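Notes follow once the structure below has been shown.
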Amino acid sequence: MSTTGKGGKAKGKTASSKQVSRSARAGLQFPVGRISRFLKHGRYSERIGTGAPVYLAAVLEYLAAEVLELAGNAAKDNKKTRIVPRHILLAIRNDEELNKLMANTTIADGGVLPNINPMLLPSKSKKTESRGQASQDI
């Protein structure tokens, strides 16, 4: 049992108290404790504040959700139910801000964006004119 002091509050942990992770406190799915450990062991700085891993986890979770949403839309446009690297590439390259953020990133098995120079495409106006002249010659 825990002892009580002058204030009447129990000192120490009570039987009903439960450990709550920093991710749960922040309302995040990404692991704040693991990111904190990576920041400490990575020697990015001599000291790491308590808010830094929470903020970084929130940013990473937001970016992951954004890419997954756009990739899901790309998969749905292609009538697929599974997201593959091609859908992730299409999602990133078709979004202006994500494309700028990941400009030098290569996605394995992503392929390339479909792009044909308009000059190489056959022009429709020439075909219709030539057909019209041929019928008048006869």
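Including glycine, each Cβ sits where the backbone N, Cα and C put it.
Going by Swiss-Prot, these are the annotated features:
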- 1-23: region 'Disordered' (REGION)
- SER2: N-acetylserine (MOD_RES)
- LYS6: N6-acetyllysine (MOD_RES)
- LYS9: N6-acetyllysine (MOD_RES)
- LYS11: N6-acetyllysine (MOD_RES)
- LYS13: N6-acetyllysine (MOD_RES)
- LYS18: N6-acetyllysine (MOD_RES)
- SER123: phosphoserine (MOD_RES)
- LYS124: ubiquitin cross-link (CROSSLNK)
- SER125: phosphoserine (MOD_RES)
- SER130: phosphoserine (MOD_RES)
- SER135: phosphoserine (MOD_RES)
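A simple Cβ count within 10 Å picks out one of the modified residues SER123, SER125 as the most packed, and that one is SER123.
SER123 (phosphoserine) sits 71 Å from LYS18 (N6-acetyllysine), taking the C-alpha atoms as the reference points. Distance between Cα atoms for LYS124 (ubiquitin cross-link) and LYS18 (N6-acetyllysine): 72 Å, as a whole number. If you measure from the Cα atom of SER125 (phosphoserine) to that of LYS18 (N6-acetyllysine), you get 75 Å.
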